[in-house]
């Protein structure tokens, strides 16, 4: 320990001596200082500024181009289509809703339920009361129990909801290779893109690109997350016939069923816009009445003054 103390003392003495030594080049070493633009001319500052802006813009462009060519995902984002009901005060195309119901009934109802929509909801939208009652009676509804404690089948009524094609989720999975067909009641509200996504999905089936392998029972659709979807393409040209004689092309059926599903998820759409239009029509009258009361009634109260006059006694 004594040797280590002596070594430490010698080191401190040597450092102190070196610091106090008169070394010419050490004494003349200039101190570092930060460069500034104080002594630069205005022209040089402008040139440096322009160069900085151009350099930053070039760097940003290179980054954007680099990101745009990366194959970071195989999912396509659906296009926004000019739906007639997208305007601020535009209503649904009710003829399209009726045709969309026919597409759902003949094509989609075999796998997908619509359990939050009742037959009575069709009245005044796509069907008359008699037509809606006929549609309800065309299906069998499980009801009961009866007096003997058994469930039974009966014709549907207007108050009944659209029946589920499967008795439970396990039966639905077993019939679709393990995939559970989603309920269509709020499908446009539950999917990013709404009816644009539904239309793009129904018309977007194609062959998988090179290098993409799909297992048996799956189909390729670039609009579906992951690309592999268990639902086969369901809409083809002339796969059904419309009651009004409209040509049943695949795109026409996709457009009509997308409109129908948008209505199913938002049946108050037309009524909400109608109420908004009424509110906007009555607002000018309410504003005029408010201005009159403010200007001619309250102005006297707001502008009056209270003065204290002491008594002369």
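A Cβ is built for glycine as well, from the same backbone N, Cα and C atoms used for every other residue.
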According to TrEMBL, which of these ranges is transmembrane segment: 46-65, 66-85?
46-65
Given the model, what does the mean pLDDT over the domain 'Cytochrome c' (95-247) come out as?
94
Would you count the other CB atoms within 10 A of the CB of residue 111 (heme c binding site), including those on all shown protein chains?
18
Long-range neighbours of the transmembrane segment (275-293), counting only residues six or more past its ends (CB under 8 A):
88-89
Non-site residues, in chain order, whose CB comes within 8 A of the mean position of the CB atoms of 108, 111, 112, 231 at heme c:
107, 109, 110, 181, 184, 234
To see if you understand the setup: which same-chain residues, six or more apart in sequence, place their Cβ under 8 Å from that of residue 112 (heme c binding site)?
104, 165, 181, 182, 183, 184
So which one is it: of the binding-site residues 108, 231, which has the fewest other Cβ atoms within 10 Å?
231
Using only the residues recorded as binding heme c (108, 111, 112, 231), report the maximum Cα-Cα distance in Å, whole number please.
11
